[in-house]
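Below is one structure, written out as structure tokens; comments come after it.
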Amino acid sequence: MWTRNVLASIAVTLFAVGVSTVFGQATVAPDCLGCICEASSACNATIGCSVPFPGAYFCGPFLISWAYWADAGKPVLQNDDPNRKGAFENCVNDLYCAAETVRLYLAKFSTDCNGDGTVNCQDYAVLHKLGGYGCTATVVDQDYMAGFNRCTQVVGVI
């Protein structure tokens, strides 16, 4: 069951990542990050990496691909080298580094995906799932969107 306490703890954890403006774009609220995390993997911080289909490789609680991480600027854990083998996996399997990766990516591609005249958490969820180059398409993964919508209703995110 969805509980406000679980979602609040995720938001508090993600808030620790910090709230800042990146590239002059609007910030992504901690509750929004929490709902994207919940929709992606139930915010499972121990999920690791998987190959759900040939050519795909997703890691961490946000299920981030290498290309997504690279588009976000290849953030890494403190004192790590983005060019080191394993830097991607180490970052995106760490909740804080993964959340920073998502924030950087969403700031870079901040787009009004649904055409309602504002960029909000709904747009960020679609951007995260479909990527910055195709967010105007329909999200086919209904489980992801159902989980996201359920979470936003609980925490009151728009």
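For all residues, glycine too, the Cβ spot is worked out from N, Cα and C.
Features as listed in TrEMBL:
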- Cys32-Cys121: disulfide bond (DISULFID)
- Cys37-Cys43: disulfide bond (DISULFID)
- Cys49-Cys59: disulfide bond (DISULFID)
- Cys91-Cys97: disulfide bond (DISULFID)
- 1-24: signal peptide (SIGNAL)
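Known features from TrEMBL, placed on the structure.
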residue : record         : contacts (Cβ under 8 Å, 6+ apart)
Cys32   : disulfide bond : Cys121, Tyr124, Ala125, Thr152, Val157
Cys49   : disulfide bond : Tyr57, Phe58, Cys59, Gly60, Glu89, Asn93
Cys91   : disulfide bond : Trp69, Pro75, Val76, Leu77, Asp80, Cys97, Ala98, Thr101
